[in-house]
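Trainee: When I checked Swiss-Prot for this same protein, it listed these features:
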| type | residues | note |
| --- | --- | --- |
| BINDING | HIS251, ASN344, PHE345, THR349, ALA423, VAL424, GLY425, ARG426 | AMP binding site |
| BINDING | SER700, GLY701, SER702, LEU703, ALA783, ALA784, TRP785, TYR858, LYS862 | NADP(+) binding site |
| DOMAIN | 564-651 | domain 'Carrier' |
| REGION | 21-378 | region 'Adenylation (A) domain' |
| REGION | 693-1025 | region 'Reductase (R) domain' |
Amino acid sequence: MGSLGSSQLKPFNKAPIDFVSTKRQPGAVCSLPELVDYNAQHNASHNFCIQGKPGGEFDTFTHADFKVAAANCAKWLKANLPLGASQAPNAITKNAPVALFMESDFGLVVHEFALLSLGIPPLVLSVRLPPNAIMHLLKSTGATSFIVSQKLSGPAKPALAALAANGIATAVGNPYTSFLEPGVDVASKGTFEVPENPDDITLLLHSSGTTGLPKPIPISHRMLMFAVSTAKFDTEDEAQGLNVSSLPLFHGFGLVAPGISMTVGKTTVYPASDGIPNIVSIIDLIKRTNARSLMTVPFLLDDVINNEEGLRVLAGLDFVGTGGAALGPGVGDKLAAAGIKLLNFYGTTESGPLSLVFVPKDNYNWKFFRLRTDMNFEIANLEPKDGVKRYRLTIRAFGEGEDQEIADQLIRNDEYPETDFAAVGRDDDVIVLATGEKASPQILENMLTEAPMVKAAIAFGENQFNLGVIVEPKEPLAEGGEAAFKELIWPIIVAAGQKMDAHSVIPSQEAVIVVPNGVRVPRTDKGSIARKEVYALFADAMKDVYEKLARAVGGADLKPLDLETLEEDIKALIIEHSGLKVPAEGLSAEESLFDFGLDSLQALKLRRVLAAAANKSEAMKDVNVDKVIPPEFVYLNPSVAQMAAAIKNPSAGSAAPTVDANAYKGVEKFAEQYALPGASAEEKAPSVRERAIVVVTGSSGSLGSHVVATLARDPKVMRVVVMVRQGSKPFDREPWTSRGINLKEDEFAKIVPLPVDPTAENLGVDPMMYGMLQNNLTHIVHAAWPMNYLTTLPSFQYQFEYLSGLLKLATSGNTANKRRFIFVSSIAAVARLSLSNSGAMISETPVEPVDAACGIGYADGKLVCEKILEKAAVSHAGQLEIAYVRCGQMTGSRATGAWNADEQIPMIFRTAKNLGVLPRIPGTLSWIPVDDAAQYIMDLSFFEGALPIASHLENPVRQSWADLMDGAGKFLGIQKSVSWPEWLELAGAAEDGPQDKYPVKKLFAFFKFSFGPMASGAVILGTDVARAHSATIKNMGALDASTIMKYFLHWQKINYL
């Protein structure tokens, strides 16, 4: 084996690599097994890698050692596994793959290259994949064998048994030491077999699976050779300096480090695999090996900004490269200011690394990646955004084959306009339904376009109650073949629906539009779908879809409603058409359908069936059924009895819906289902007040963004870890700048983005990063919550899973101190208490679900979370300090006037301006500026002493609505005013115009039945506890006229008013 301490520069003989030619050229190296052989012969004594070991020791391996280990491992594989040709139908590999489930170290590299040398494609699995994802990948690739490392074999025993039962051979891999033969002549191992076709698939990686199950990503010999040829150094000294890499080897970027070791001689140093690397251990590793560069994940670098020694060590390196996720701009700026030469890596698993690995010099800007020039690519112009030009990258790495268009939108560095770019967003669209729920169409579109009979699929449904999809057949259909084509693709659509949220499911084949023969789906010059143009082309067809869905529900056999037997008729419709699995005898007239699991899509379908049956009724022939049974009908009348009453007496629809007497059952059920399991007798020290590391959710919202800013400005806070959804747009300052929040560079540097999947195991966080959180976080502020007043309680289960996942994180890890957990609840959770008690003030205490639950999903969902937290505060009292904060009406910022235009109050004023009429809202209001609200969260997070389990965030000083409307009328130039009910009728009757002129209509049921009581003083929150724990609330007064004026000026500035 090689020597770690050798500092003498050895000449490295670079192989004549060819990834461009489709056919093998004489003397060229066209595959990784050939490259291993080349280096074993020409660079035998040059170090391939250095593997860290527990206790600070190292193993050093030359290229000759690597060849010997791979050859011996290949021999072991042939003796212990049933290797052979793929038997799977539609196989993408000639030979059946072998899965590798191993920790990221030299042992994984040895097994991977041993399989490559045998022509057996390794399927390299991430160690954080759950069992169902692993089984999916094994089946979809036709893998016949599964190798697990010794370290992981214990936890994997149940899974191994399941694999064996499915006919997959399993084996525990040997440690890499068993494959070494010190002193053996490398020539005795012969040479590996040379692949005939450079385009054969030789390696299988996989996607992250953030939008469903992970999919296998096939990599050919040429693609691999392209991937490892990404380095460009000016001197041998730059090329051969040791390179520490903590990038996981089972990800695409993990191949870069061993790749450049084989192509330019840059020896890789791997951390010990006995634990999760942290920045302290990485810095120590760099110092002990005299490494010259570092490749790592952004999260590790987030931890170095307050480590003076770490900054000094990293500043002495040739470069520090990051890939796989975005480095927070504030962190990057601070590292660059410390003299660290940051290098931005860019690429996709499918394309391979598209950026150069080099030593940054001169005025290279770390925020941009430097594009490789050894491939074919084109840069196309896109529509500018916010005055900044945007671009699209299309590559054809090898000069032939199909173009590969990268989904990211790019901006360019004007100093290096041909090569330096940054990714600023993706094309992935989210469709907002009429309920306010957000539907992500990617799973549906991807599964359809992957089908052999489909050329393109485009989902639609903006401001509708469900999605539809436009499908372009791959081949022209026979005359009259549309119905048969829909039948053919319908199982795919159903399968996609099983992986999507209930509200995203395609309801029937009526919602499928088949592109006619001769009609071309609009595309950009580079072949991507031009979504806006598609919607314009098929506007009439999409309109017909929703009209058909409304008309054709139930078919000709649907019986008309009979007012004499109305409850029985409605019950029969529910049993037959809703999709609920409930027997007729089990459905009482008084129980809420949502207690039986009715989801938003089923509610929509049931409303359509009821409307269709009502339209057939002789007794209702002169009635406007759409007004009697509006889109929100089932939400407002969730039981059979309530529906019957509302249909028999339509005038009662002007009154608020009655409270569902059984709503508390759903709250208690979910509170029990998602409670933090177990109990802990451990008693830790009180939570810390200094050097805090705070996890925050909901940072894209108004309160969340201000909480993050307030924390970042406080010297007690060392780091703010912002949880963002996986697949969301790149992290930048936009959530703060759009609200007028200015952060200094050192403040912004504290903010660290962390992509999560709220419903996945360990929140979908990489094990290394999750381990760091377990051992370092001190506080959690959970502010994420969807603003949707029509969603049912069962639809909030993913939020309960999110809370459960955060509580599990908060109670894990080895820390000496308790952790504080602050949850942002709502006035809605307890509003019923005041409404049913003549406006009595609500005290800051826990409430009973039987008294507070109201049947509105948004409100009852918050109540479920309160009950989950109350249980955790008792069962884990020695580990957690828990508080929830019920928030009243928050306004925009006191400092800047920035107030989100999509909130209730701005909606009222925009609608009023376009109507030319103001509403007269009775009573008083209690408004608290969002920056004051954020300061209260801060006060509570670091309060000296025991936390109150419940407190209220509301302005203790109330103001008159009449005074506010007088001022608003003068600003808007509106003199006319009518009562609140009359104004709502005007808004509801207004014709929809362009640009969302009457936004109140979007949430009409909420404004009609819920807004008034909570906004006008019928629901008043006590604030004694809050005032006792916060000077911010204690000293708060009424909002002055100048502050209120700032809000109107802000809405005017952004062209909302």
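From the backbone N, Cα and C atoms, a Cβ is placed for every residue, glycine too.
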Trainee: Need the DSSP three-state call for LYS862 (NADP(+) binding site) to compare against my parser.
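Mentor: Reduced to three states, the DSSP call for LYS862 (NADP(+) binding site) is helix.
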Trainee: How far apart, in Å, are the two Cα atoms that lie farthest from each other among SER700, GLY701, SER702, LEU703, ALA783, ALA784, TRP785, TYR858, LYS862, the residues recorded as binding NADP(+)?
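Mentor: Greatest Cα separation within the listed binding residues comes to 19 Å.
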Trainee: Give the distance between the Cα atoms of PHE345 (AMP binding site) and SER700 (NADP(+) binding site), rounded to the nearest whole Å.
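Mentor: The separation of the Cα atoms works out to 26 Å.
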Trainee: If you compare CA-to-CA distances from SER702 (NADP(+) binding site) to each of the binding-site residues ASN344, THR349, ALA423, which comes out shortest?
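Mentor: Comparing Cα positions, the candidate nearest SER702 (NADP(+) binding site) turns out to be ALA423.
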Trainee: Over the region 'Reductase (R) domain' (693-1025), what is the model's average pLDDT?
Mentor: 87
Trainee: Could you state the whole-number distance in Å separating the C-alpha atoms of ALA423 (AMP binding site) and LYS862 (NADP(+) binding site)?
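Mentor: Cα of ALA423 (AMP binding site) to Cα of LYS862 (NADP(+) binding site) measures 37 Å after rounding.
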Trainee: Around TRP785 (NADP(+) binding site), which residues of its chain at least 6 apart sit with Cβ under 8 Å of its Cβ?
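Mentor: Expected: GLY698, GLN799, VAL824, SER826, GLY861, LYS862.
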Trainee: Do you know which of the binding-site residues ALA423, VAL424, ALA783 has the most other C-beta atoms within 10 angstroms of its C-beta?
Mentor: ALA783
Trainee: Specify the nearest of the binding-site residues HIS251, ASN344, THR349, VAL424 to ALA783 (NADP(+) binding site), where nearness means the distance between Cα atoms.
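Mentor: So, of the listed binding-site residues, the one sitting closest to ALA783 (NADP(+) binding site) is VAL424.
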Trainee: Using DSSP, what's the helix, strand and coil tally for the domain 'Carrier' (564-651)?
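Mentor: Tallied per class, the domain 'Carrier' (564-651) gives 59 helix, 0 strand, 29 coil.
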Trainee: Given the binding-site residues HIS251, LYS862, which one's Cβ is surrounded by the fewest other Cβ atoms within 10 Å?
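Mentor: Each of the binding-site residues HIS251, LYS862 was scored; lowest Cβ tally within 10 Å is HIS251.
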Trainee: How far is it from THR349 (AMP binding site) to SER700 (NADP(+) binding site), counting Cα to Cα, in Å?
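Mentor: Roughly 28 Å, rounded to the nearest whole number.
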Trainee: How far is it from VAL424 (AMP binding site) to SER700 (NADP(+) binding site), counting Cα to Cα, in Å?
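Mentor: So the Cα of SER700 (NADP(+) binding site) lies 16 Å away from that of VAL424 (AMP binding site).
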Trainee: Starting from the Cβ of SER702 (NADP(+) binding site), draw a 10 Å sphere and report how many other Cβ atoms land inside it.
Mentor: 24
Trainee: Could you state the whole-number distance in Å separating the C-alpha atoms of ASN344 (AMP binding site) and SER700 (NADP(+) binding site)?
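Mentor: About 25 Å separates the two Cα atoms.
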Trainee: Could you measure between SER700 (NADP(+) binding site) and HIS251 (AMP binding site) for me? Cα positions, answer in whole angstrom.
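Mentor: Just about 29 Å between their Cα atoms.
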Trainee: Have a look around ASN344 (AMP binding site) and count the other CB atoms within 10 A of its CB, chains all included.
Mentor: 24
Trainee: When DSSP states are folded down to helix, strand and coil, where does SER702 (NADP(+) binding site) land?
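Mentor: Once the DSSP labels are grouped into three classes, SER702 (NADP(+) binding site) ends up as helix.
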Trainee: 10 Å Cβ neighbour count around SER700 (NADP(+) binding site)?
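Mentor: Its Cβ has 18 other Cβ atoms within 10 Å.
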Trainee: Across all the protein chains here, work out how many other Cβ atoms are within 10 Å of the Cβ of THR349 (AMP binding site).
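Mentor: So the Cβ neighbour count for THR349 (AMP binding site) comes to 16.
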